[in-house]
Amino acid sequence: MRFLDAGETHGRCLVGIIEGFPANVKINIDNINRLLELRQRGYGRGKRMEIEKDKATILSGVRNSYTTGAPITIMIENRDYVNWQKYMDPILCDTMTKKVTVPRPGHADLPGCLKYGFDDARPVLERASARETAMRVAIGALCEELLNVFGIKLYNHVVEIGGVRIKKEYSTDDVNLFEEAENSDLFCIDKEAENDMKQVIDSAKEAGDSVGGVAEVICKNVPFGLGSHVHWDRKLDGLLAQAVMSIQSVKGVEIGMGFEVSRRFGSEVHDEIFYDDQKGFYRKTNNAGGIEGGISNGMDIVIRAAFKPIPTLYKPLRSVDLQGLKEKEAAVERSDTCAVPAGSVVMRAAVAYVLANSLIDRLSGDSLDIMIDNYKRLYQK
């Protein structure tokens, strides 16, 4: 399975095409739109969220709510396009009024202009914008429809913002906590920490600054055998890390105990193996985060990402004007103060795509009934 998406932040719409999705999977459009709505929420979001009310429209590959095996096309309209059409029309538009010649530190502006030979960062920032992630969330939600058939569930939550970290103890089995976190303004399981996080966000907003943080995705009921040890590009942890690192603002990824393993002895890190006639092989710890040697081991997969503060600052940093090469304050585009909660939803979608793709590879079926038969043969002996 693979997908391509296209569209600009102020363009007419976002479009995604997914090829290789199995036939006969029932699709609930409300589930896709629910995840899109979650992406738009979160304390610290910008004013654009008051304009856009994202809804997915399926154009092909699904008939009477069931996938057909043909390429699936999804479209999400940009409501803000009516305000930008005269600057963004693909055929004829005003290219001078919205010109951006002072690149923002930390954004794709300058590298994109240098790579493609632009004297205007507008074409770069329009595509580099995190607006693109709306389509990735829709595609990830579609993948969750497949994962749910096999009992695989994904949960996202925020563990840190601006140096404020949750203190509440939890395990990956605390599903109710993660479900309740969806009602939180920050998708946070710790109410006390959430209040402190909001204060940090408010302070940053008042100062014209931005804040980052850490989000976590937990994947439950993932069967063993997804991914492979035989080649670098088939390792499940490598695929997950690449997908998550591709999300705007992500600067680090860790699985399981993550970077903490570098400060521990091997005897403190590796999960001992036990066997029971009823449940088979099992572990009492999950420091590996559900993956060993690039292969899922049957434990919950736990993955975290570090999100940098958004590079658009209302109190701009110093930069250089591409016209004249003189020092100038960086450009300001409408932006968020904190997008970590939204980032956790995008992260969940990215993980869902990788897991669904790995599951299709493992169960090798063009239709759901074949996948179910293979699943029973492999896992329900």
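Backbone N, Cα and C define each Cβ position, glycine as well.
Taken from Swiss-Prot, the feature NADP(+) binding site applies to Arg39, Arg45. For Arg45 (NADP(+) binding site), other Cβ atoms within 10 Å of its Cβ number 20.
As annotated by Swiss-Prot, FMN binding site applies to Arg127, Ala128, Ser129, Gln248, Ser249, Gly293, Lys308, Pro309, Ile310, Pro311, Thr312, Arg334. Within its own chain, Ser249 (FMN binding site) has Ala130, Gly212, Phe307, Lys308, Pro309, Ile310, Ala339, Gly343 as residues 6 or more apart in sequence whose C-beta sits under 8 angstroms from its own.
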Winner by Cβ contact number (other Cβ atoms within 10 Å) across the binding-site residues Ser129, Thr312
Thr312
Reported as an integer number of Å, what is the Cα distance between Arg39 (NADP(+) binding site) and Ser129 (FMN binding site)?
15
Which is it, of Arg39, Lys308: the one of these binding-site residues whose Cβ has the most other Cβ atoms within 10 Å?
Arg39
To the nearest Å, how far is the Cα of Arg45 (NADP(+) binding site) from the Cα of Ser129 (FMN binding site)?
14
For Arg127 (FMN binding site), which residues of its chain lie six or more apart in sequence with Cβ-Cβ distance below 8 Å?
Glu8, Thr9
In all the protein chains shown, the tally of other Cβ atoms within 10 Å of the Cβ of Ile310 (FMN binding site) is 26
